[in-house]
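Q: Feature list, courtesy of Swiss-Prot:
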| type | residues | note |
| --- | --- | --- |
| BINDING | His83, His182 | heme b b562 binding site |
| BINDING | His97, His196 | heme b b566 binding site |
| BINDING | His201 | ubiquinone binding site |
| TRANSMEM | 33-53 | transmembrane segment |
| TRANSMEM | 77-98 | transmembrane segment |
| TRANSMEM | 113-133 | transmembrane segment |
| TRANSMEM | 178-198 | transmembrane segment |
| TRANSMEM | 226-246 | transmembrane segment |
| TRANSMEM | 288-308 | transmembrane segment |
| TRANSMEM | 320-340 | transmembrane segment |
| TRANSMEM | 347-367 | transmembrane segment |
Amino acid sequence: MTNLRKTHPLMKIINHAFIDLPAPSNISAWWNFGSLLGICLIIQMLTGLFLAMHYTSDTLTAFSSVAHICRDVNYGWLIRNMHANGASMFFMCLFIHVGRGIYYGSYMYKETWNIGVILLLTVMATAFVGYVLPWGQMSFWGATVITNLLSAIPYIGTTLVEWIWGGFSVDKATLTRFFAFHFILPFIVTALVIVHLLFLHETGSNNPTGLNPDSDKIPFHPYYTIKDTLGFIMMILALLLLTMFSPDMLGDPDNFSPANPLNTPPHIKPEWYFLFAYAILRSIPNKLGGVLALLASILILLIIPLLHTSKQRSLMFRPISQTLFWLLTSDLLILTWIGGQPVEQPFIIIGQIASITYFLIIIAFMPMAGLFENYMLKPKW
């Protein structure tokens with residue numbers, strides 16, 4: 001009798017995706033982050049569902065409903081803090097996942113890569129609307145500042161902002177629709193994840209060498225299921241440690257105060273995972289220019305496959321490009337730091353230099369290094 005998992009219409013799909021999937025024998029721990037992102041998404045959807053049972057999306061009661069969840073609901077404090085810090089874990093895994101894709105040339109699978117970029121944008125949108133829901137000071141002013149950026153769009157900008165707000169300021173209508181968006185977007189993310197996996201399984205996984213691994217494949221189960229399980233345990237442990245011991249470490253103290261439209265916080269800033277983009281936005285003194293740079297900082301990922309000049313796919317054997325990659329990583333850390341600082345010298349000039357460097361490394365230096373490394377491969381005798 002043939003095994004049920006190989007014949008049953010539903011089990012067959014799961015089997016081909018997670019059990020009998022041929023995987024390269026040499027993929028490292030950097031390949032764990034895709035499955036970790038899956039776990040993050042599941043954790044966020046489950047904790048979010050339980051939070052939605054007790055949350056009210058009304059300006060008068062939103063803040064107190066979050067306080068009620070933390071004080072009166074059984075394990076509400078745990079669910080709320082896991083959801084808030086789970087978002088940080090999600091973005092940590094996302095950034096590593098994208099970084100691994102750039103380092104090992106996974107962007108050469110263009111469909112998988114492009115859907116991944118769309119996924120990144122969708123998750124960022126989900127996190128942004130979710131940040132507004134507790135209706136604290138930074139929630140309110142963050143929503144006001146970021147949505148207001150759309151007013152930089154010529155001609156239709158102001159109308160567009162008022163349409164999104166549902167009025168002439170961020171108010172009850174805005175909060176209600178943001179809750180609706182925050183509820184629906186994770187399901188859209190889940191659908192995109194399935195498409196992302198569909199395209200990935202068309203080509204098979206890349207591997208650290210960037211060479212064709214077809215000659216040496218192993219089944220996903222048990223080798224990578226056990227490897228992924230170790231990743232799950234480590235990530236969930238890290239999340240629980242953060243949640244139990246310092247749940248407010250990554251949050252903003254201003255969010256302990258209810259939203260007050262009459263009182264602006266001295267420094268408006270988003271959560272840590274948006275600070276790099278926020279720093280790029282602020283480094284350009286023109287409003288429309290800043291918005292375009294903000295968009296470009298993420299959308300530039302879409303043109304990375306077009307900028308690949310090297311004869312080798314991976315950076316594993318390319319020391320010059322490796323150096324540039326780690327310079328880019330350092331540059332993003334500098335931008336993250338600058339995004340959290342007030343708009344004054346020397347932070348302004350540091351932010352401007354870091355922003356220019358970010359775009360230069362991706363658009364100019366990496367392709368040039370690829371061409372130079374090609375030249376170095378040629379025998380010189």
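Every residue gets a Cβ built from N, Cα and C, even glycine.
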Q: Sort out for me which stretch, of 178-198, 226-246, 320-340, has the most Cβ pairs below 8 angstroms to the transmembrane segment (347-367).
A: 320-340
Q: What same-chain residues, at least 6 away in sequence, bring their CB to under 8 Å of the CB of His97 (heme b b566 binding site)?
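A: Long-range Cβ contacts: Phe33, Gly34, Leu37, Gly116.
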Q: For the transmembrane segment (178-198), name the stretch out of 33-53, 77-98, 113-133, 226-246 with the most CB-CB pairs under 8 Å.
A: 113-133
Q: Within a 10 Å radius of its Cβ, which of these binding-site residues (His83, His182, His196, His201) has the fewest neighbouring Cβ atoms?
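A: So among His83, His182, His196, His201, the binding-site residues given, the one with the fewest Cβ atoms within 10 Å is His201.
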Q: Spell out yes or no: are there three or more C-beta pairs under 8 angstroms between the transmembrane segment (288-308) and the transmembrane segment (33-53), with each pair 6 or more apart in sequence?
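A: Not in contact, no.
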Q: How many Å separate the Cα atoms of His196 (heme b b566 binding site) and His182 (heme b b562 binding site)?
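A: Each residue's Cα considered, His196 (heme b b566 binding site) and His182 (heme b b562 binding site) end up 21 Å apart.
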Q: Compare 33-53, 113-133, 226-246, 320-340 by their Cβ pairs under 8 Å to the transmembrane segment (77-98) and return the stretch that comes out on top.
A: 33-53
Q: Express the distance between the Cα positions of His201 (ubiquinone binding site) and His182 (heme b b562 binding site) as a whole number of Å.
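A: Each residue's Cα considered, His201 (ubiquinone binding site) and His182 (heme b b562 binding site) end up 29 Å apart.
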